């Protein structure tokens, strides 16, 4: 690649970053509270989707654990942020462990600690988990997410059980969520384009061939898993600080399912696709709220059917898989559209 | 802990394990022929429970007829799900199939949630099933005896179909090598649909037993049971019908015994199946009765 194309690419990237920053500033100052809240949600899910895509789409390891990692960091952040006085007041089922009451840290430390915590857990998990492949991996990781939820309910000394934690200071705002989303995207893209990224793609395309070529597939998978866990964790922390209250129910399998729809819709393996998928699904699910309400159409009055949205969603997922398996972007990235065609390409 | 109490728990464990086994057989058969974790299987069990409920509570059918309705209805639903959602994806990457299965699972859950409400409905258990009998000092409801008996009967029937009939031979051949089966003039698609039908019918029976035991039905009841039954199938050795039964019994016994003897661990009872699963995969990735995946099945 000659330097002219490199410069052009850099220019495109810088333009995108500048536009994103401008958009964050603009929406924070011009949009109403409701819109900003949706944008906050979208930004958090961009972090989650992009990092989930790294392990599921880029590395091709079908894992179903994000709800576990998100839950861990959400709890860590919440425990660190809630003031000791408020905690004393909140624990209703049993008295908390004494050290829980002493925990306190500022927002950045809380986010980082939680992220590192889930990354370390992912590293430990990767030893048993990556002994199996394919479907088994899916079911083992699903089991892990499930065990985390059970722990959140059953260790009320730390998590306050099914009541969850309330009164979390609201730190998340668009500068945090949007900024971290941008960092997550940049980091993930850089990993994908590095030596490790190529190893990950090799694992996805043909693991046996990759092993035969001398790729350390375990290392590639673990790196993807840990990176993904770190950002899923940070996203969870931001979510806790946005919602201001968390409970185990928030982190059931549906959470993972939503992320799965997002990355499948966008195109498994494409970071741009993950972002587009997030905007469509999160925006769409806001828009589709009318499905849950009573519908008045041409004199026909349908009663409110709470949950209709989910039916439409799951049908949507099936239809995408049946008719548009590649999703919107396939495996392509936005920048691929600007690249000059190589010789032989059609 | 006296012996009577111990035996009582054994009976309970056997009953619960039988239910897991019934559902696990469906997982293991579908996995055997299609290499697909049918995430929707637990929800088909839920539909079976609901159909039984509708049969008794709305249509006023006798219990036996309601069970038959549930079996037929679930079998049709299972075959339809294969026909609509899985058959077009036969040549697709496996991940597409798996995601579709999750989609079908969520569709069934949410559709039932929307149309029939998420509140558990009391299941009208016929009185003769709830009657308490006394056998050698053990008191138990009739259902606790009938469930394992019917499970054993159904298991025998499945094994007969698999090993004594032409269809069974086709299924075993399919599990062995899809390409060759097609060359032999067997319609693989039809056989796979048949497997879905058989598995779903068993799941319906499991669903009704479940509804009888915890006398209620609700749209989410299949999620956890389905996952545990899948764990049971893997623990026993996926692809092996006997393994599914063994795994189901192990998981069922563990749950009952742990709750009976360590009540303080009761909150974790749902996690045991997964802990078993992870341990088994670590030490014997093919499960207890599992044979080498690439060589033989069933």
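Glycine residues also receive a Cβ, built from the backbone N, Cα and C atoms like all the rest.
The transmembrane segment annotation in TrEMBL covers A:10-26, A:38-55, A:103-124, A:136-154, A:174-192, A:259-284, A:304-324.
Taking every recorded stretch in A:38-55, A:136-154, A:174-192 and counting its Cβ pairs under 8 Å to the transmembrane segment (A:10-26), the highest total belongs to A:174-192.
Touching of the transmembrane segment (A:259-284) and the transmembrane segment (A:103-124) is ruled out by the presence of fewer than three CB pairs under 8 A, sequence neighbours closer than 6 excluded. The list of residues near the transmembrane segment (A:136-154) in space but at least 6 beyond its ends in sequence, with Cβ under 8 angstroms from a Cβ of it, reads 61-68, 71-72, 75, 125, 128-130, 161-162, 248, 251-253, 256.
Beyond its flanks by at least six residues, the transmembrane segment (A:38-55) meets 27, 31, 61, 63, 66, 70, 172-174, 177-178, 180-181, 184-185, 188, 191-192, 200, 221, 224-225, 227-232, 234-236, 238-239, 242, 258-260, 262-263, 266, 268-271, 273-275, 277-279, 281-283, 286 of its own chain at Cβ-Cβ distances under 8 Å.
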